[in-house]
Amino acid sequence: MTKLGIHGGSGKMGTMIYECAQNFTNIEISAIYSIEPLKYSPNCIVTNDLQKLFENCDAVIDFTIKDGAIALLNYAKSHPKPICMGTTALGSEGEALLKECGKKMPVIYATNMSLGVAVLNSLTAQASKILRDFDCEIVEMHHRHKKDAPSGTAMTLAKTVANARGLDLEKVRISGRDGMIGERKKDEIAVMSLRGGDIVGRHSVGFYNDGEFIELNHTATSRATFANGAIKAALWVINQENGLYDINDCLGIKKCVR
């Protein structure tokens, strides 16, 4: 029986991971880290002490915010433990910590734990190369409570397009248009964010040319999709060598390259 710990147990994803874990026969949630009171009554250790969390699990699943994730990674540097990191918008500090931790333990980091999004990302890479002269626009939609924009998944997709086309994303990405801005630049990659209602997540990558266009879409209808993906990723990363992996590695789409 594999023991998993949840870092961020009071959030929407932490709660869903605990619920979904009850459907797995080969794991147990053995510890939950949370600063806020839980709205459910788990049958495991609940703590706000990282040491206690780490001591009572085989791997940690993190869904928090930037500061919480960075605190976890800083602790993990001197207390290696397999980590499944789902927190997005980590910034340069968080990304550097991920790489540093990857030298001491197996870490899987994914801005989206969905199998469908992994396939969307793979198709986006292929389309970006084949349709090199097509304009690319990315649109993401989420619920009104989402705090960061663009979503981590949208940024991953944008990076995929830029890498496939040999572009520097920071130089070609835009996040909105307003006023007399002139014609669209040739290599521009637009990433647009919409917020409203209770939309779990929708991502669209469009390739547009004169006379034709193609759009690749993924819609998540339940957070259980991400929760189940995170649990499976945590089970996978436990058996890997030290390194920084992503969801494509877990699914066998490519080997670890970082």
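Keep in mind that glycine also has a Cβ here, set from the backbone N, Cα and C atoms.
Per Swiss-Prot, the features are as follows:
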- Gly8, Gly9, Ser10, Gly11, Lys12, Met13, Gly86, Thr87, Thr88, Ala110, Thr111, Asn112, Met113: NAD(+) binding site (BINDING)
- His142: active site, proton donor/acceptor (ACT_SITE)
- His143, Gly152, Thr153: (S)-2,3,4,5-tetrahydrodipicolinate binding site (BINDING)
- Lys146: active site, proton donor (ACT_SITE)
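Counted over all residue pairs in Gly8, Gly9, Ser10, Gly11, Lys12, Met13, Gly86, Thr87, Thr88, Ala110, Thr111, Asn112, Met113, the record's binders of NAD(+), the longest Cα to Cα distance measures 20 angstrom. Neighbouring residues of the recorded (S)-2,3,4,5-tetrahydrodipicolinate site, listed in sequence order and excluding His143, Gly152, Thr153, comprise Thr88, Thr111, Asn112, Glu140, His142, Lys146, Asp148, Ser151, Ala154, Gly201, His203 (Cβ within 8 Å of the Cβ centroid). The binding-site residues in question are Gly86, Gly152, and the one with the fewest Cβ neighbours inside 10 Å is Gly152. With respect to Thr153 ((S)-2,3,4,5-tetrahydrodipicolinate binding site), the closest of these recorded positions in Cα terms is Thr88, chosen from Ser10, Lys12, Gly86, Thr88, Lys146. If you compare Cα positions, Thr111 (NAD(+) binding site) sits closest to Gly152 out of the recorded positions His142, His143, Lys146, Gly152. Thr88 (NAD(+) binding site) sits 11 Å from the residue listed as 'active site, proton donor', taking the Cα positions as reference. Spatially, by CA atoms, the recorded positions His142, His143, Lys146, Gly152 include one closest to Met113 (NAD(+) binding site), and that is Gly152. Sequence-distant neighbours of His143 ((S)-2,3,4,5-tetrahydrodipicolinate binding site) (same chain, 6+ residues apart, CB-CB distance under 8 A): Arg195, Gly196, Gly197, Asp198, Ile199, Val200. Counting only the Cα atoms, the space from His142 (active site, proton donor/acceptor) to Gly86 (NAD(+) binding site) is about 16 angstrom.
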